[in-house]
Amino acid sequence: MPSHSRSRDRYGGRDSDREARYDYDYARRRYATDDNDDDYDDDELEHGLNERRYRRDGYLPPRESRTRGYYERDAEGAADEELLGDERNPGPRASRSYGHDYDARRGERSRAREAPRRSERHRDRDREGQSRRRAYEDDGRHRTRDGRRERGRESDAEARRSRRREAGRETAARKHQSSDSTNSASHLLSADALARLGAQYEKEERRKRENAKDAAKAERKRQKKRAVVGEESRALRDPPGESHRDRTKARVASGAYLEEGRSPEMQVRHRGGGGPAMEARWRKEGSWGGTMDDAGGGRPFWKRKKWIGLGALILILVIVIPVAVVVSKKHDNKSDPADPQGTSPGKSNLDGLSHDSIPAYAQGTYLDPWTWYDTTDFNVTFTNETVGGLSIMGLNSTWDDSARPNDNVPPLNEPFPYGSQPIRGVNLGGWLSIEPFIVPSLFDSYSSVAGIIDEWTLSKRLGSSAARTLEKHYATFITEQDFADIRDAGLDHVRIQYSYWAVATYDDDPYVAKISWRYLLRAIEYCRKYGLRVKLDPHGIPGSQNGWNHSGREGVIGWLNGTDGELNRNRSLAVHDSVSKFFAQDRYKNIVTIYGLVNEPLMLSLSVEDVLDWTTEATKLVQKNGITAYVALHDGFLNLSKWKSMLKNRPDKMLLDTHQYTIFNTGQIGLNHTAKVNLICNDWYNMIKEINSTSTGWGPTICGEWSQADTDCAKYLNNVGRGTRWEGTFSLTDSTQYCPTADTGPPCSCANANADVSEYSADYKKFLQTYAEAQMSAFETGQGWFYWTWRTESAAQWSYRTAWKNGFMPAKAYAPSFKCGDAVPDFGNLPEYY
C-alpha cells in the first residue's frame, strides 16, 4: 500500500515539544535495553517479541510494517560499506518486495526528504533520508544535557535519602523517650544498643551509596564500549520504537567479524539464540542467572554452568577415550563378517622400521609405504625391482599354491578341469574400477550440475585428494574377509577388474595412477590363500572402448575410433605388453588362469574388423610374453549366432565371454516372474549350450556377468541421474513402463525392489533364488559363470554377498535347490509389479 503524503505543515506545532519528549524516550530506551540491566523491564521487549511472532506468521500490523531488519554501524558510528548497501538504492530483492514500481518508490522517497512527516506514529518515515538524521554534533549536545540531567537527579536522590535518615533518627529517639505502651517494648534499648544500631544503619547506607556509584561507573563504561553488532551507534540511531521502512537485513561479512574477534555474534545471528536481545528475554522470563543487586558485576550463572558442563565433558572424555581405544583395538583384531571394513587402516608392520630405509628419491612416492593408507599384508621392505616395468613392491618372495576352496575343486597347484567342470565365480566390480551404482556414496555428495558421473570426473573434481580418497576405498571396500566369504559361499573363481591407470596414465588423465596396482596384487595373494583362481579383466582401456561410465569415462569412444583411435590402440597394446610380462612369472601360472583382453568393446559402434584384428594381435602379444592362461575376449554385444563364423583361425586357448541380463532388454524386463525363469531355462540354456560347442558354435564360452536383479531400479544403474525402464523414467521422450503390470495396473514401483532386504517377503526371496539358480544352470552348460557382483553398497539384487547372507542365494554355489528341468516353483502371492 502506498504511503501517505509526508508534509511538515500537516501536523502544525506538534514538533514544538518533540525534542524534549525525544530526550526522555531516548534515556528510557537506553535503560530498558541495557545489555547488563538485570531489572525486570516489561515495556519495549514485549513489543519486540510480539513483532517477531507476527513476522514468523507472515503478518505485521499495518502501522508497524517493516521490510528491513538489521542495520549495523561500526564503532565510530559510520556506515559499514561492507555490511550495508546504500539504503537509498535497495538491491533487486528489496525492490521486488514492493507492490509498485521502482520509479514510483524513488519519487516518494524524494518527497519524503523534502517534507518529512513529524507524526509520532510514522517516525520511522521521518528518518528515511540521510538529511533527516540528527548530526553527530547535535547528539553530542544531547549527551551533555543528559549528563547534567543525570547528575541533577542523583543530587536530588541523595538529598531525599538524607532527609529520610534524619527523620528515622528522630522517630527512633521519640519512641525511646516515650512512655506510651504502644511505643515501648518489654525492655527499652540501652544507649549502647542504639549506638550499635545507628552504626549498622550508617554502614548499610554507605554500602548502598558505593554500589550506586559502581553501577553508574559500570554503566558509563558500557556505553563507551557498546558493541557495534549488539546495538547501533547512538550517533545515528532512530527515535524509540522507530526504524526505517526501506532497510533490508544487512549482509554479514563473516571474515571481518572473525578478524575482529566477533565470532560469537556470528553464531548468534546464524542460530537465532543468545546475544543481548535473548539475554533481555531470559531476564524477563525469569531464566536469567544473575541477581537483582549484582548489577552485572559477577559472571552470570548460565556462563558458570557452561564452564561446569565443559569441565564435566572433558572429564568424561578423559575416561571414555582410552577405554574406546582399547575396545577398538580388540575389535580390529576380530573380523566382523557383517562389516569387515573397520574404521582405521592397519600399519602395524611399519612399527620398528625407519623411514630412512626408503631412499630419498622414493620417499613420498607410491613406493613409500609411509604414504600408503593401509599396509596390512604388504611387504614393506623397500624394493624398486620391476617386471615388465611394473613394481613388485609389497609382494613377499615366497608363495604357496596348495590351497583349494572346497573338496569339489582341485588345489591351485593342480590344473583346473575347464570344459568338464564349470567355473563358479564372482566379480569384484566397482572396486579397482569405480562404478557409480556399486559405490554411490562416492557420487552422492555432488549436485547434478557438477556433472560428476564417472571415475574421470570424480578424480578431476577430487584433485589432490583423489589419491587418498580412492586408496581408502581400495583398502576398505574389499578386504581379506571378503575372499574368505567367497570361499565359504562355495565359489572357486574371482574375476578382478582393473583399468589401464593401474599401469600408466597419459596426457591430461586425472586418474589416480598405479595405486590400484598394489591392491590388485594383494587381492591375488588373498585368492591364493583361499584357493581361488583369478580371471584378470581390464575394464578401462585408453580412450574408452564403449563410452560407458565403467570404462572410466562416459561419452565418446576413443579406442580404435576417432582422431586418437590409432594412438589409443597402440597404448592399449603397450598396457598388455607390461601386464602380460608381469603375470607370466611363475608365481602366477597356477592362479591367474584366465587373462582378459578388454571388457565389453561396443562392436555395435566400432568396426568389427578393427576389433577382431586388435584381439588377434593382443592375444599373440601376451602369449609371446609367456601367458599360458586362457585368453578371454568379449562378444561385443553382437548376436551370439554371428560368432559361429568369426575368428575361426584364432590362436589357441581362447574363451568367448558373454554377458547376459534380462533387465536391459525391454522385451524381457516386462515378463512376469515365472516367464523369466522359463526364458532362462529354455532360450538361454540352449543358446549357451550351442555357442559353447566347437562344432556348432564358436567354442569355449563363459558368462562373465549376470545377476538376479529382475528390475533396473538400482540407483545410478542406468548412469548417474538417469531414470528406470521399470517406472518409465529412463527415456526423456518415452514414459512407457516396462513391467508386467504396465497395461493392467497397478503401476510398477521401484520401492519394493530397492527396499532393505529385511523387508523382502519369503515369496520374493524364493523367486530371486530360483531366478539366480536357473541362470547358474544355464551357464553351466558352457564353461561356467561369474556373478556380477560380489558386493554393493545398497543394490541388494546385485550383491552376491548380500543375497548369500540373507537367504536368497544357495548356501553353497555348487549345491543349488533348483536346476533347469525342474518344475518352476509357486511363488505364492508375490505381486507381479515388483
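Each residue, glycine too, has its Cβ placed from N, Cα and C.
Per Swiss-Prot, the features are as follows:
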type	residues	note
ACT_SITE	Glu600	active site, proton donor
ACT_SITE	Glu705	active site, nucleophile
COMPBIAS	1-33	compositional bias 'Basic and acidic residues'
COMPBIAS	46-76	compositional bias 'Basic and acidic residues'
COMPBIAS	98-173	compositional bias 'Basic and acidic residues'
COMPBIAS	201-218	compositional bias 'Basic and acidic residues'
COMPBIAS	228-245	compositional bias 'Basic and acidic residues'
CARBOHYD	Asn333	N-linked glycosylation site
CARBOHYD	Asn379	N-linked glycosylation site
CARBOHYD	Asn384	N-linked glycosylation site
CARBOHYD	Asn396	N-linked glycosylation site
CARBOHYD	Asn549	N-linked glycosylation site
CARBOHYD	Asn561	N-linked glycosylation site
CARBOHYD	Asn570	N-linked glycosylation site
CARBOHYD	Asn639	N-linked glycosylation site
CARBOHYD	Asn672	N-linked glycosylation site
CARBOHYD	Asn692	N-linked glycosylation site
TOPO_DOM	1-306	topological domain 'Cytoplasmic'
TOPO_DOM	328-834	topological domain 'Extracellular'
TRANSMEM	307-327	transmembrane segment
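Sequence features annotated in Swiss-Prot and their locations in the structure.
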residue: Asn379; record: N-linked glycosylation site; Cβ contacts under 8 Å, 6 or more apart: Met393, Gly394, Leu395, Asn396, Ser397
residue: Asn384; record: N-linked glycosylation site; Cβ contacts under 8 Å, 6 or more apart: Pro359, Ala362, Leu367, Ser391, Met393
residue: Asn549; record: N-linked glycosylation site; Cβ contacts under 8 Å, 6 or more apart: Glu435, Pro436, Ile453, Asp454, Glu455, Asn719, Val720
residue: Asn561; record: N-linked glycosylation site; Cβ contacts under 8 Å, 6 or more apart: Gly543, Ser605, Leu606, Ser607
residue: Asn570; record: N-linked glycosylation site; Cβ contacts under 8 Å, 6 or more apart: none
residue: Asn639; record: N-linked glycosylation site; Cβ contacts under 8 Å, 6 or more apart: none
residue: Asn672; record: N-linked glycosylation site; Cβ contacts under 8 Å, 6 or more apart: Pro740, Glu832
residue: Asn692; record: N-linked glycosylation site; Cβ contacts under 8 Å, 6 or more apart: Trp698, Gly699, Pro700, Thr701, Thr781, Gly782, Gln783
residue: Glu705; record: active site, nucleophile; Cβ contacts under 8 Å, 6 or more apart: Asn427, His659, Gln660, Tyr661, Phe786, Tyr787, Trp788
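Asn570 (N-linked glycosylation site) falls within a helical segment according to DSSP.
If you draw a 10 Å sphere around the CB of Glu600 (active site, proton donor), it holds 20 other CB atoms from the protein chains shown. In the three-state DSSP scheme, Asn561 (N-linked glycosylation site) falls into the coil class. Residues of the compositional bias 'Basic and acidic residues' (201-218) grouped by DSSP class, helix first, strand second and coil last, total 18 helix, 0 strand, 0 coil. Asn396 (N-linked glycosylation site) counts 12 other C-beta atoms within 10 Å of its own C-beta, drawing on all protein chains shown. When pLDDT values are averaged over the topological domain 'Extracellular' (328-834), the model yields 95.
Secondary structure at Asn384 (N-linked glycosylation site), taken from DSSP and collapsed to helix, strand or coil, is coil.
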